[in-house]
């Protein structure tokens, strides 16, 4: 520092140099510089009682610091404006802080900093070794996560049981079709997952929660997935052919929605609308399977209400991946309404409950339906809407999965009314 500042004075300006020294240094120090050695001694004046310090510079350090006096004209503006390389390193390219110890707990409460909990063990991890080649394909169907199959299955059971009540059919009819539709829901939900993963392979690889899916992880190729999809659709067709021709045509028409849904996530912030329309198509199909044709007067409000319900719970589901979806280019209503999701979901759930009530009135259902189906659904959805934490992935997943129980409660009320009106012959 002494040598650098000495270059700022011109030769022969002793008084200016001394003034500069008095300005920038402690006036109680006298500096003696001996040019014949590399030793600089800072000696306190008689009026000071500071400690003596000696700074010894090795001869090699003289190559780094120029001791030759120079004029101010030798320091260019460029030299003065360029910071020291260490400053550039620390500001422009800062070093990463050392990693925290293994026992440290994260202190950040920012939603974006939240780390997903480790995936729990699934039934696929318990497969024997001889069945390991089938594991990627079973994972592709999400058979270890039955919530999707349940959400596809429940609207079918609503309309099957409701039609059986209206037409006063024997118990064997709803039992047979509920069993058949349960198998169909399991197969077609798996086929829908395969189609979705084939579409979204590149996007899934960018999202933390989905990057381990078989196609995104490279465990299954696109061609293998396409071949497996052919097997799934063939099995679904085998189930569909057990129905009447009207229902076969109606069921086949739903495939357009299944294929369309993954594409909608790329072009609109409202893919949940298509999702709701797809997952509640069973309202029409279940009624036509039992009655031969669809009673649009009863099923239309139930279908629209089911769409509202599907949009609501899929919005909760979408909040799990909202930070990754921005990077991956995936659109959803969770991103369209980031600050108003609770309000939107409240309106959707209110619409669902209102249309459930209207459907019961149009179908002539009794008080058990309103008490169990409508009342339980209203209470559950109110709890779900008020307590869901949109910034907590685990809570979003739990609230989403709770809709599987909700669908069962709604069916239970319809089934209780069927027992009352058909089996016990007690009018509503």
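Backbone N, Cα and C define each Cβ position, glycine as well.
All TrEMBL annotations are machine predictions without curation.
Under the heading region 'Disordered', TrEMBL lists 90-120.
TrEMBL lists 104-116 with the feature compositional bias 'Low complexity'.
Residues or ranges marked as transmembrane segment in TrEMBL: 150-169 (among others).
Among the features that TrEMBL reports, transmembrane segment is placed at 175-195 (among others).
According to TrEMBL, the transmembrane segment annotation covers 216-237 (among others). Residues 136-137, 139-141, 184, 187-188, 190-191, 194-195, 197-198, 200-202, 204-205, 210 of the same chain lie 6+ residues outside the transmembrane segment (216-237) yet bring a C-beta within less than 8 angstroms of a C-beta in it.
If you look at the transmembrane segment (243-261), the same-chain residues 6 or more away from its ends with a CB under 8 A from one of its CBs are 188, 191-192, 195-196, 271, 274-275, 277-278, 281, 284-285, 288-289, 292-294. Here TrEMBL flags 243-261 (among others) as transmembrane segment.
Same-chain neighbours of the transmembrane segment (273-294): 151-153, 155-160, 162-164, 167, 169, 173-174, 177, 180-181, 185, 192, 243-244, 246-247, 250-251, 254, 257-258, 260-261, 264, 302-303, 306-311, 314, counting only residues six or more beyond its ends whose CB sits under 8 Å from a CB of the stretch. As annotated by TrEMBL, transmembrane segment applies to 273-294 (among others).
Listed by sequence, the residues of this chain that lie at least six past the ends of the transmembrane segment (300-319) yet keep a Cβ under 8 A from its Cβ atoms are 151, 155, 158-159, 162, 272-273, 275-277, 279-281, 283-284, 325, 332-335, 337, 341, 344-345, 348-349, 351-356, 358-359, 362, 381, 384, 388, 390-391, 393, 396-397, 399-400, 403. Residues or ranges marked as transmembrane segment in TrEMBL: 300-319 (among others).
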